[in-house]
Amino acid sequence: MRDDDHDESKRRPPKRDSFVSATADITNRESIICGGLAGLTSRFFVAPLDVVKIRLQLQTNSFNGRGGQAPLYRGTISSMAKIYKNEGLTALWRGNLPAELLYLLYGSIQFTTFHQANLLMNTYASEYMFPGLQQFITGAASGAVATTVTYPLDLLRTRFAAQGNDSHRVYQSLRHSIQQIHADEGIAGFFRGLRPTVSSIVPHMGIFFGTYVPLKGLASRISDDLNLKTFGSDEAIAGMIAGTISKTGVFPLDVIRKRMQVQGPTLNRYVMKDIPTYPRSILGCAKMILVTEGYRGLYRGLWVSLIKAAPASAITMWTFEHSVTALRWYDTKTESFRAS
């Protein structure tokens with residue numbers, strides 16, 4: 001290392017620990033505000049990919065078009081272009097209102113629950129934990145709580161993304177969708193597919209939080225060793241890799257979740273007209289997909305899901321980590337102003 005490189009590394013301030021580590025000193029207020037902001041920001045940028053992913057997951061046609069009708073959507077770019085051509089630009093953000101509400105509440109609840117769960121485990125069980133296990137457990141718990149509380153919004157997002165243009169809309173507005181589902185399906189209709197959703201989110205969030213902090217530490221060490229100025233991108237890189245790993249591991253359950261969410265009286269009114277009626281159990285739905293579509297049916301939309309998961313996770317973690325820093329800076333300035 002050259003002398004000027006050594007001097008530069010000494011002048012550079014040490015990197016702080018992650019605000020989502022098991023021992024992070026963070027308040028509930030910071031978790032609520034910054035978690036919600038992270039969710040809102042991430043959702044806005046990945047909304048078009050989410051619409052494409054849902055459409056790909058819901059279609060059941062043969063992959064090559066043999067023995068039946070060819071798939072309506074093929075690939076990420078071509079699917080996005082087809083939706084834009086047939087339904088307009090705004091269709092790529094269809095269902096964004098319930099989705100933004102979902103991500104706002106989900107982010108706030110998830111990060112707050114994660115923080116509280118870590119405080120609890122630090123008090124009673126930290127001595128029994130090996131590295132990564134505590135964050136897997138608290139990440140899984142926070143995902144389960146946030147998913148259950150916000151699930152009706154997740155179901156509404158899926159149904160809005162699955163419906164077509166104005167002439168083929170199943171629901172005309174958010175209010176109409178709530179009234180219609182309640183009238184046709186009752187309260188239980190808002191929780192269709194909750195079981196596979198929680199079954200997928202528990203390992204998903206466990207793996208994500210269990211790998212994020214080690215990956216962030218690794219990215220920081222590599223950038224320090226190479227004397228790179230990352231401009232705070234360590235969080236984004238770690239979030240991107242952790243999101244990709246966790247999403248791939250539980251993806252079949254995500255497909256099952258989407259198929260079960262659109263079941264009900266309006267099943268045949270979505271853009272994909274051939275969605276079958278599935279058994280109400282996870283294993284029953286999985287077996288039917290395997291029999292009718294093969295194992296590839298459980299991975300429909302995987303690539304667009306990974307294309308979405310990587311930037312979504314990167315944006316979420318980068319926004320959360322840096323918004324906590326910004327909020328603390330704002331609080332310090334406010335206190336200084338009041339004291340002067």
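A Cβ is built for glycine as well, from the same backbone N, Cα and C atoms used for every other residue.
If you look up TrEMBL, you'll see 1-18 marked as compositional bias 'Basic and acidic residues'. Residues annotated as region 'Disordered' in TrEMBL: 1-20. If you look up TrEMBL, you'll see 30-120, 130-218, 230-326 marked as repeat 'Solcar'.
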Query raised in the report: Mean pLDDT over the repeat 'Solcar' (230-326): what is the value?
Result: 85
Query - Residue distribution over DSSP helix, strand and coil in the repeat 'Solcar' (130-218) - result: 75 helix, 0 strand, 14 coil
